[in-house]
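Taken verbatim from TrEMBL:
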ACT_SITE  60  active site, for OMPdecase activity
ACT_SITE  62  active site, for OMPdecase activity
ACT_SITE  62  active site, proton donor
ACT_SITE  65  active site, for OMPdecase activity
BINDING   11, 33, 60-69, 116, 176, 185, 205-206  substrate binding site
DOMAIN    5-221  domain 'Orotidine 5'-phosphate decarboxylase'
Ligand SMILES: O=C(O)c1cc(=O)[nH]c(=O)n1[C@@H]1O[C@H](COP(=O)(O)O)[C@@H](O)[C@H]1O
């Protein structure tokens, strides 16, 4: 019942700094998210080092390529036994189907819909009309029909997606304890709001990793949930 939904994003290129931070906060988060910055620097070896700490690993590789290539990449990840792996929903239905078919049986495959760093203006510049809400709903439907476990979206959309896909697994990044957009994140809510609206996983990076006292920051977020 006391399962902590917070996955700490270890977005840093130094393995010793990432390991030290992970060790410090491990009692106040539910898992670790390893993304492109970490994976490009340390690959499988780095994942094993963090996995030794005993919490679930979310491999945020945002795979996006032709179906055969993505399926091959998913096969190459079996040995790491990740709890969650991301692909981009805009890679299309066949890519998502093949990604899920190639994933290990205990790995959830979730599709990134619209990055939390993008808003309607950014969408228009890439040729996508409509609102972030509509785009997330459309890609969530595609991901569900492709047999994925869930999606990644912002806290602004997770409530609506949850109503449409009640047993989906929803990963929400772009979380700020103050609820205000800052830096590169544009679609932002508080961890508590995302959780109340149906998020299964709360991804938090800099509000913990860049805090003067990361353990205190993680505890504070935990206390709001
Ligand atoms: O897939 C993700 O995790 C992701 C998707 C998205 O739309 N937005 C987003 O910020 N993320 C990731 O979530 C983390 C957010 O980090 P902070 O902004 O530092 O909390 C980063 O590791 C991002 O790569």
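Placed from the backbone N, Cα and C atoms, the Cβ positions cover glycine too.
Other Cβ atoms within 10 Å of the Cβ of residue 65 (active site, for OMPdecase activity), summed over all protein chains shown, number 15.
Close contacts with ligand 1, defined as a Cβ under 6 Å from any of its atoms, occur at 60, 205 among the recorded positions 60, 61, 64, 67, 205. When the C-alpha distances from residue 205 (substrate binding site) to the active-site residues 60, 62, 65 are tabulated, the minimum falls on 60. Note: the Cα of residue 60 (active site, for OMPdecase activity) and the Cα of residue 67 (substrate binding site) are spaced 18 Å from each other. Under DSSP, residue 67 (substrate binding site) is assigned to a helix (H, G or I) in the three-state scheme. Reduced to three states, the DSSP call for residue 62 (active site, for OMPdecase activity) is strand. In the three-state DSSP classification, residue 116 (substrate binding site) falls within coil. The Cβ neighbour count for residue 11 (substrate binding site), using a 10 Å radius and every protein chain shown, is 17. Note on the domain 'Orotidine 5'-phosphate decarboxylase' (5-221): mean pLDDT across this stretch is 97. Rounded to a whole number, the C-alpha distance linking residue 65 (active site, for OMPdecase activity) with residue 11 (substrate binding site) is 23 angstrom.
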